[in-house]
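See structure below.
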Amino acid sequence: MASVSAVLLRRSSSRARGYLQLQRAADGTVALHFSERLHWWWWSSGGGGRFGARAAHGMAGSRERINNGVVTGGVEDAYGEDRATEDQPVTPWAVCIASGHSLLRDPRHNKGLSFTERERDAHYLRGLLPPVVLSQDLQEKRLLQNVRQFEVPLQRYMALMDLQERNERLFYKLLIDNVEELLPVVYTPTVGEACQKYGTIFRRPQGLYISLKEKGRILEVLRNWPEKSIQVIVVTDGERILGLGDLGCQGMGIPVGKLALYTALGGVRPSACLPITIDVGTNNEDLLKDEFYIGLKQRRATGQEYSELLDEFMTAVRQNYGQKVLVQFEDFANHNAFTLLAKYRENHLVFNDDIQGTAAVVLAGLIASLKSVGGTLADHTFLFFGAGEAGTGIAELVALEISRQAKVSVEEARKKIWLVDSKGLIVTAQNDTLQPFKKRYAHEHEPIKDLLGAVKAIRPTALIGSAGVGRSFTKEVIEAMSSINERPIILALSNPTSQSECTAEQAYTWSQGRAIFGSGSPFDPVKYNDKLFVPAQANNAYIFPGFGLGVVISGAVRVTDDMVLAAAEGLADQVTPEHIDKGLIYPPFSIIRKISANIAARVAAKAYDLGLASQLPRPKDLVKYAESCMYTPVYRSYR
């Protein structure tokens, strides 16, 4: 039988490992053989549909080609690929066998210079690498030095993304071991600039792009993704990226960055994560005129067309991955964010990080602040500057926690919370013009047009900014808060840094060092009157990785407000008296994996208590179980 062999699949079990090979004879008959070593692999096919094979290992060393069905020797271009033009297509046959040259270009399995001498022989790497063998720790040290050489944050971002694309485990080990230094690079604030310039820095696709062109074919598009066991999807339509507005298709940087943190901080394995951008157009005039823009150059679809596309997407996700895949909505505009969450939360496993994740991390900060200020949440008054999805999401979760702690109705708890939007203090006189999610916080009061007037009238304990209006917490506003409270709580949550309501230095200086400060973007420590203050970053990364892990390990089929509250309480419990003494209302990111495991355990426990968990039986120690389920990026040894 003449050997024209193609690898079909690799068989793997506890007893045998090897390759199934298809051999075809000149008379057309075929036979299937099992071999412990790979001798053949798909090479190429083209011109007229002939398929080819190449003797990869263990053969006489000659190249072979197929000509009219006959195997002959030779080195010429047998399939016309080198001579083909764009109008003369060839078939790109390929196989995902981690061996030799292909192994070095497989980011999931590539170890670079850490391949041992035995592995280099076993996997046909001899000569493809320099002779030195480096440990993963030494590789990490070298790469960290390289990243630090870049002074521009965007250059650091691009260097890390390049690393992720060529050596996945090294990327995650570098990020986990240096999370406090690198988090601002792979996430806020640098990811905002990356999204703004995504068209010009685009190198290779990460995740799935689903546009209006794919309407009616979304299930087919999902099936193009190579991984079939997906546990977490982060999806955006790019309409409200951070505080930067409509970035359209270039918003893909957000799902990619979020899922990198799902793995690094929450331990969800990378292959189980899928970033998706839904491209319905953009209303950003600069992008529509940009020749390098990578998305649809049309105005945003709205109404029925938009709704039908999202319905098809959610149905396709459930059909392709089942009901236990967590879909996290990210950076949708207010008018869509609340609608989508309300529409799908009863029948799908969905979570909106801007509404629920932000709310949980801020609530955790408020609960921790009480360890310094004293009292319960019900004893304090909260003023929100910004009544969008973040502000109202936080307000609602605070109201739910007050309701639960004080054993009063949610309606009664909402009376402790006031909102200021672009038109001023939200009051009942405006009810006819208010959006539904704002009406619940409209209280009886005379209209007040500005934030300073609202502070003086309402006399809040905590001032929480989420409006995306930079430097809106003026000196007068913070001085007014400080005159009302011995320890005013000032949370300037808007991202990126340029949109922050005030800086850490301004908050501490204008309050004479008395403010309990938290921000959305990172700020350096501040020295005031010989005392060093360490600003707390109210970063969603405290919550969503651990929350997602808890949903995954419990097999939860729905997300409830009680699960979000559990996540907030789990984070607040990680704040120790030592942290409070330093002015911190969140624990340091250096222990984020421990924090995430504890949050995951709280979320999973609540899912079991509510009867929403499908992973049975319930583990006895959920914290240890969560830690045991977390992905670790240490290199594996290969046979």
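Each residue, glycine too, has its Cβ placed from N, Cα and C.
Curation plays no part in TrEMBL annotations; they are all automatic predictions.
Taken from TrEMBL, the feature domain 'Malic enzyme N-terminal' covers 164-345.
Taking the Cβ of Tyr187 (active site, proton donor) as reference, residues of its chain lying under 8 Å away and at least six apart in sequence are, in sequence order, Gly257, Lys258, Ala260, Leu261, Asn539, Ala541. The active site, proton donor annotation in TrEMBL covers Tyr187.
Within the same chain, residues at least 6 positions away in sequence whose Cβ sits under 8 Å from that of Arg240 ((S)-malate binding site) are Asp246, Asp331, Phe332, Ala333, Asn334, Ala337. Look at TrEMBL and you will find Arg240, Asn495, Asn539 tagged as (S)-malate binding site.
For Lys258 (active site, proton acceptor), the number of other Cβ atoms no farther than 10 Å from its own Cβ, over all displayed protein chains, is 27. Marked as active site, proton acceptor by TrEMBL: Lys258.
The divalent metal cation binding site annotation in TrEMBL covers Glu330, Asp331, Asp354. The Cβ neighbour count for Asp331 (divalent metal cation binding site), using a 10 Å radius over every protein chain in view, is 25.
Sequence annotations record features per position, and here TrEMBL assigns domain 'Malic enzyme NAD-binding' to 355-608.
Listed in sequence order, the residues of the same chain lying 6 or more apart from Glu330 (divalent metal cation binding site) and placing their CB within less than 8 Å of its CB are Val234, Val235, Thr236, Ile254, Pro255, Lys258, Asn352, Asp353, Asp354. Excluding Glu330, Asp331, Asp354, which define the divalent metal cation site, the same chain contributes Thr236, Arg240, Ile241, Ile254, Phe329, Phe332, Ala337, Asn352, Asp353 within 8 Å (Cβ to the Cβ centroid), listed in sequence order. Largest Cα-Cα distance over the residues recorded as binding (S)-malate, namely Arg240, Asn495, Asn539, equals 18 Å.
Applying an 8 A CB threshold to same-chain residues 6+ apart, the list for Asn495 ((S)-malate binding site) reads Thr188, Pro189, Gly192, Leu242, Gly243, Gly468, Gly520, Ser521.
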